[in-house]
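Just below is one structure, and these are the notes that go with it.
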């Protein structure tokens with residue numbers, strides 16, 4: 001029975017999540033087992049969804065009409081996306097490594113940032129490698145089960161990031177506006193609840209929307225006018241009425257997008273109000289610069305996603321959809337570590353210490369988190 005397989009081979013190993021423990025303090029969770037869990041469940045999702053293919057045509061492969069359909073610019077686009085992809089992996093990987101190994105970064109803020117980096121690495125790896133491989137092999141196809149898996153992972157990871165960004169803004173609000181209560185309001189237990197809630201919310205979105213999206217009967221044309229299996233692009237191939245499902249998707253997006261984004265806006269509004277009361281002009285300028293850069297990235301991420309998922313698909317234009325999707329699926333995972341972390345003096349200091357560690361061990365006093 002698959003239930004027994006799930007408990008013995010999936011749930012039990014999930015309990016043994018790898019943690020770094022220093023001075024009896026759990027510093028950072030590395031939820032690779034969560035990703036492993038998703039991959040183990042996917043065959044069952046694929047089997048369930050695959051049984052619905054009897055309503056479709058005899059061909060079970062989809063064809064992407066992606067970013068490389070113009071030969072004169074495809075080579076340049078391939079090079080740019082490759083650079084962005086490997087930069088995102090490197091920057092996020094460096095962030096996770098530094099937060100793990102440097103005791104000065106063992107704080108709630110960097111704990112949450114490490115999970116943002118991990119989600120970004122998984123997120124971009126769900127979409128970009130398939131694009132690059134298809135270009136190198138001169139093919140544009142993806143199987144039905146592969147499209148289902150990509151759609152599920154994408155929704156799960158992007159949903160988790162939506163929630164996490166909102167809660168990270170709340171963390172900054174507490175740190176700046178209520179510094180005396182910060183150790184209580186952002187305790188280790190609260191941080192674990194934030195991470196668990198983000199992953200749960202993202203997984204719920206994936207489990208709810210993926211089977212419905214892939215269960216529609218598709219017309220003879222299986223050409224997805226996109227570079228990955230995004231719901232609005234896939235729904236355009238459906239031969240059935242999708243109005244009810246679009247309503248369900250709209251409700252989900254209100255919960256997944258507008259609520260976290262409202263938390264972000266409210267948190268930064270309170271932060272800016274508090275910053276205006278600072279006596280230091282230099283401090284105000286630095287705070288405004290930091291908040292503006294954060295809000296730019298967050299607005300880009302949420303805004304593009306809102307346009308994609310909260311408008312009826314009859315209003316969508318394929319060219320615009322692909323450009324907007326590039327912003328929040330490819331660019332954002334690269335920008336997040338650069339904006340949130342690598343410009344920070346604490347992180348640059350940790351990087352210098354890591355590079356100079358070969359000179360000899362350094363004794364460092366850690367934080368209380």
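Note: Cβ is positioned from N, Cα and C throughout, glycine not excepted.
Predicted, not measured: the structure shown is a model, and the values here were computed from it.
Feature annotation (Swiss-Prot): of 192-212, 213-233, the stretch labelled transmembrane segment is 192-212. Checked against Swiss-Prot, the range among 49-69, 322-342 recorded as transmembrane segment is 322-342.
Checked against Swiss-Prot, the domain name for residue 102 differs from that for residue 315, so they face opposite sides of the membrane.
Look at the disulfide-bonded residues 147, 239 and count other Cβ atoms within 10 Å of each Cβ; 239 has the fewest. Averaged across the topological domain 'Extracellular' (1-76), the predicted model reaches a pLDDT of 50.
Across the topological domain 'Extracellular' (213-247), DSSP helix (H, G, I), strand (E, B) and coil residues number 12 helix, 4 strand, 19 coil. Most Cβ pairs within less than 8 Å of the transmembrane segment (287-307), among stretches 77-97, 149-169, 248-268, belong to 248-268.
Summarised by DSSP class, the composition of the topological domain 'Cytoplasmic' (269-286) is 14 helix, 0 strand, 4 coil.
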